[in-house]
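Engineer: For reference, the structure I am asking about is given below.
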Amino acid sequence: MIFYTLEHILTHISFSLVSIGITIFLITLSVDEIIGLYDSSEKGVIGTFLCITGLLVTRWAYSGHFPLSNLYESLLFLSWSFAIIHMFPYLKKQKSYVRTITSSSTIFTQGLVTSGLLSEMQQSEILVPALQSQWLMMHVSMMVLGYAALLCGSLLSVALLVITFRKARKIFSKKKAFLKDSFSFVEIQYRNEPSNVLLSTSFISSKNYYRAQLIQQLDRWSSRIISLGFIFLTIGILSGAVWANEAWGSYWNWDPKETWAFITWTMFAIYLHTRTNPNFQSVNSAIVAFLGFIIIWICYFGVNLLGIGLHSYGSFNLH
């Protein structure tokens with residue numbers, strides 16, 4: 001009972017901390033001068049990380065096994081993984097838009113954990129025979145770490161696509177306006193006000209420069225994080241195959257979870273392949289990452305909703 005109460009308290013504290021942290025961080029994005037607020041948001045995420053760590057340790061202590069046996073526990077570990085990724089730029093003393101993605105992802109997963117959707121899984125139970133193995137920690141932790149990194153990298157690619165397509169729309173609308181003005185007498189006004197034209201041109205050039213810098217930063221960070229996630233995912237799939245051979249006598253059975261894990265791995269392998277070709281980098285690779293983002297959620301949530309296959313012990317029902 002004590003462990004359950006402690007877990008309940010830590011869950012809600014972590015959710016409150018990350019909620020306050022992301023609110024402060026969003027304020028600092030618009031007001032860069034408030035350094036104190038920025039430090040407070042980072043300390044809030046560190047506090048969230050410590051609370052989730054305490055949650056996992058508490059659950060491990062009273063359950064007797066590493067807490068990765070169902071969707072509720074894997075969501076806790078997913079939040080913990082997002083918090084770790086969030087702290088990398090902070091430890092390097094870099095201001096990065098990665099933290100906007102990771103903090104938002106943490107609050108989303110913690111929101112699911114604290115909601116009543118997974119209440120039937122909050123009570124720890126004895127592991128089914130198939131999960132009573134040392135491979136549980138190795139396989140599931142690598143898979144969830146891989147999911148966390150791939151989701152963060154994919155969201156950065158989505159942000160890149162949004163900025164790029166907004167820029168393309170503005171360029172298209174400006175071309176239409178230019179063609180329309182070419183047949184009018186607007187150029188007379190420009191001759192009378194050359195200084196305004198120069199100021200406007202300088203402002204647009206500066207804005208385009210910072211937008212290009214942002215796109216480049218998003219592209220670089222998404223590539224790095226997805227590469228890291230792909231390594232974790234590969235290790236997770238390989239360790240799962242070895243575990244499956246020990247438990248079921250076959251390395252691969254093509255059940256829904258395994259099939260979608262393979263599809264996820266293939267999609268991000270295609271992403272990494274597009275990164276080797278300069279003609280397919282940035283926007284094209286970001287589109288592949290966006291498709292991979294959708295596939296991850298199908299693999300992680302969609303298959304669990306089905307509740308079929310060899311991995312059905314991690315499924316849940318919506319009431």
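Glycine residues also receive a Cβ, built from the backbone N, Cα and C atoms like all the rest.
Note that the coordinates shown come from a computational prediction; the quantities given were computed from them, not determined experimentally.
The annotation transmembrane segment is assigned in Swiss-Prot to 9-29, 44-64, 71-91, 143-163, 225-245, 259-273, 286-306 on the grounds of sequence analysis.
Can you tell me where each of these features sits in this structure?
Structural biologist: Nonlocal intrachain contacts for the transmembrane segment (259-273), taken as residues 6+ away from its ends with a CB within less than 8 angstroms of a stretch CB, comprise 143, 150, 226-227, 229-230, 233-234, 237, 240, 285, 288-289, 291-292, 295-296, 298-299, 302-303.
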Engineer: Same chain only, please: residues at least 6 beyond the ends of the transmembrane segment (286-306) with a C-beta under 8 Å from a C-beta of the stretch. Say none if there are none.
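Structural biologist: Beyond its ends, the transmembrane segment (286-306) has Cβ neighbours at 71, 147, 150-151, 153-155, 157-158, 160-161, 164, 219, 222, 226, 256-257, 260-261, 263-264, 267-268, 270-271, 274, 312, 314-316, 318.
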